[in-house]
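Chemist: So TrEMBL says this about it:
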- 1-52: region 'Disordered' (REGION)
- 53-149: domain 'PPIase FKBP-type' (DOMAIN)
- 177-316: domain 'PPIase FKBP-type' (DOMAIN)
- 382-415: repeat 'TPR' (REPEAT)
- 416-449: repeat 'TPR' (REPEAT)
- 493-533: region 'Disordered' (REGION)
- 500-512: compositional bias 'Low complexity' (COMPBIAS)
Amino acid sequence: MAHAEADDLPPPPAKKKSPAEEEAEKRRKKLTPGSLMKGLIRSGSGDATPAEGDQVVLHCTTRTMDGIIVNSTRREHGGKGVPLRFVLGKSKMILGFAEGFPTMLKGEIAMFKMKPQIHYAEDDCPVTAPDGFPKDDELQFEIEMLDFFKAKIVAEDLGVVKKIVDEGKGWETPREPYEVTTWITARTADGKELLPSKEEPYFFTLGKSEVPKGLEMGIGTMAREEKAVIYVSSAYLSNSSLMPQLEGLEEVHFEVELVQFVQVPEGFEMCVRLMLPGEKSIVTCPPDFAYDKFPRPANVPEGAHVQWEIELLGFEMPKDWTGFTFQEIMDDADKIKTTGNRLFKEGKFELAKAKYEKVLREYNHVHPQDDDEGKIFANSRNSLHLNVAACYQKMGEYRKSIDTCNKVLEANPAHVKALYRRGMSYMLLGDFDDAKKDFEKMMAVDKSSEPDATAALLKLKQTIQETEKKARKQFKGLFDKKPGEISEVGVVEPEVNKNASDATASAESASSTDRDADATKAAALPREDSELAFEEERPGLLGRIWPSASRIFSSLGLNRCTIL
């Protein structure tokens, strides 16, 4: 058998370039000899230069060829003293900066001379020149490279960026409503101290607006014992008890050390760390490792020993999507989503919700590069939000389900699946008018949804009729009593239609788990390809049975009524 020589082998297939790389290459072709020239004013240190994904921090002074300063970040030249920040490959910037910054060392000062087509006069320039800026002139840009580092993008618009100073331990990160212990100092972008160091760390709970929004977002990406600098722009500097006055600041730099955060009782966590996937255990725990140092459930008395029954379904180390292509990110997200779908089908709605929310948090760091990627990304995110809404619905938290649907409808008011799911939550909550509006809007925005909307309206009508019938039966004779007589007002639990309940349960499971439940959907839904479904009518209190009566009697605080 003959073997091919090395020279005879076909060349390896060329790696497909990302849209961002293709755009950079297209812009680079606009460079012509002499259009961008660099002169060294002061040498930098080391031999590392900025790379794509790095945040660069720099001062910039722009002059005409006659030496007249037209723009500067430096105070001595009329600026505010606030350095500029860019993330290479992510931030919009003029072509001369995109090509010049990667050539600089830390601490270097250089002068870049640029032709107009290399700065703001470039065709399709992604940034707009300041008012009165001489964009059609050849200009000199004096750049001092203060710092650059690998950036963790926390907010999609780059308004919150993190620099890791010291890596943390483990992979867990805090989220609402975890209690965190941190050391925090803060400075303005020009170095003015805003929050000095303290002798004691700060304690606060995520999600309660106790710290500025951007700082909370950054801390939500940190591991235990991690040290980081979190750069927060003005849009994310909400007032808080930590820093009540932040108006007028363009940017704040927070130096943070995450000491610890409480997510589950210490004894629970210690035992789970020793378990293997698939293991089931009974864990008995003394109070000091259970709920004496952790928010105590209402039915657990102070100082009580507790017993947990734990089944470890599995665990995973989160992947860092840095360097992944868009398709690789979407594929990895689908794997996590599929796990959530399986948990949903098994009735483990809290765990399924955690899986969906995990992907949604990571999506804060994903940046589609073109319209096609943007559509895929938006559809995936909307699907995850609706799956979270389905979990809330199954858990009986209808208001949270409605709020989650609103996240989809705020961006796309005509999203049929979001209207359907919100309408079902309104119906289960007893807000029949709002439910009707959503079902009717479905038909108005998408004629193909008419069979599902019609079936939903029929279910709503039946629910209203059954509610009114139960209410009439419950209050029959209430107002026929003679003056002074007492009539009992009891709460009658609504009966559940068994057949409707069974069909509803299978249909909702299908609608909530997207692609993994096609067979179930086909059997349960009006249309073969529909992802819309009916939710079971849940037993409830007087307010769900007859909302108007509920308001009357609950305002009086009575379950008995005297007829006068």
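The count begins at 1 with the first shown residue.
Cβ from N, Cα, C; glycine included.
Show me how these features fit into the structure around them.
Modeler: Mean model confidence for the domain 'PPIase FKBP-type' (53-149) is a pLDDT of 94.
Counted with DSSP, the domain 'PPIase FKBP-type' (177-316) comes out as 20 helix, 49 strand, 71 coil.
In terms of DSSP helix, strand and coil, the repeat 'TPR' (382-415) has 27 helix, 0 strand, 7 coil.
Counting residues of the repeat 'TPR' (416-449) by DSSP class, helix then strand then coil, yields 31 helix, 0 strand, 3 coil.
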